[in-house]
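Report on the structure given below.
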Amino acid sequence: MKLNKGFFVIGTDTGIGKTYVSSLLYKGIKDRDGGYYKPVQSGCTRKDGKLVAPDVDFVCSMAEVEYDDKMVTYTLEAEVSPHLASELENTEIDIENIMKDWENLKARYKYMVVEGAGGLYVPLIRDKFYIFDLIKKMELPVILVCSSRVGAINHSMLTIEMLKKLEIEIQGLVFNKVTNDFERDYFEKDNIDIVLKLSGIKNSLIIREGERTIPEKELEKFLGIEVK
């Protein structure tokens, strides 16, 4: 088995910037034998007769690599939760197919960024299988993408506490789209400080608004790897 370290990226809410953060993480590891994987994507668009996963397309664009169908197992057109999209399109999501693709990627790459679909409790198969089940099955630590805006404390802590209850390892927290001016938006720093104190999590990363890369040393420290 080639994989040295992998990480599963989830968000505290829809639109939190999970794909954006995933793209920066992948951009930082791609030249160091790193890969990216999106097991299931709903809300796909048709291009040249086939469904294209928008998150994968965005990540590839940010990382300046070609779109690769091997980066995603299930592409669904309806812009709803994966379980419902699969039902509407009569497509069965087979977790074993996901795991088969995952094993192939593990054998190919040293580091992996796996991007989930929304948050911890998003269903992949109605009443049977959720994102948290996939995380446990893949045996990966979680990178939790959080906000620093109003509501951040409650949203972040609810997900953190559930991760702990489910005994899922937390690699660290990423606070995304953080203000460039803590003097003006002082409440954002306070929100971050409170989440870190309440959670007891020491490993965190701040992504400022408009950032296109993560500094190498910060990335190494956050992921616990050497990117060179």
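If you go along the chain as it appears here, the first residue is 1 and each next one adds 1.
Any Cβ shown, glycine's included, is placed from N, Cα and C.
No curator has checked TrEMBL annotations; they are predicted automatically.
When TrEMBL records Gly15, Ile16, Gly17, Lys18, Thr19, Tyr20, Glu115, Gly116, Ala117, Gly118, Asn176, Lys177 as binding ATP, the matching candidate from Asp55, Asp57, Asp68, Asp69 it lists for that site is Asp55.
One residue stands out among the binding-site residues Asp55, Glu115 for having the most other Cβ atoms within 10 Å of its Cβ: Glu115. The DSSP secondary structure for Thr19 (ATP binding site) is helix. A strand conformation is recorded for Lys38 (active site) in the three-state DSSP classification.
Among the binding-site residues Gly15, Gly17, Ser42, none has a Cα sitting within 10 Å of the Cα of Glu115 (Mg(2+) binding site). According to its DSSP assignment, Glu115 (Mg(2+) binding site) is in a strand.
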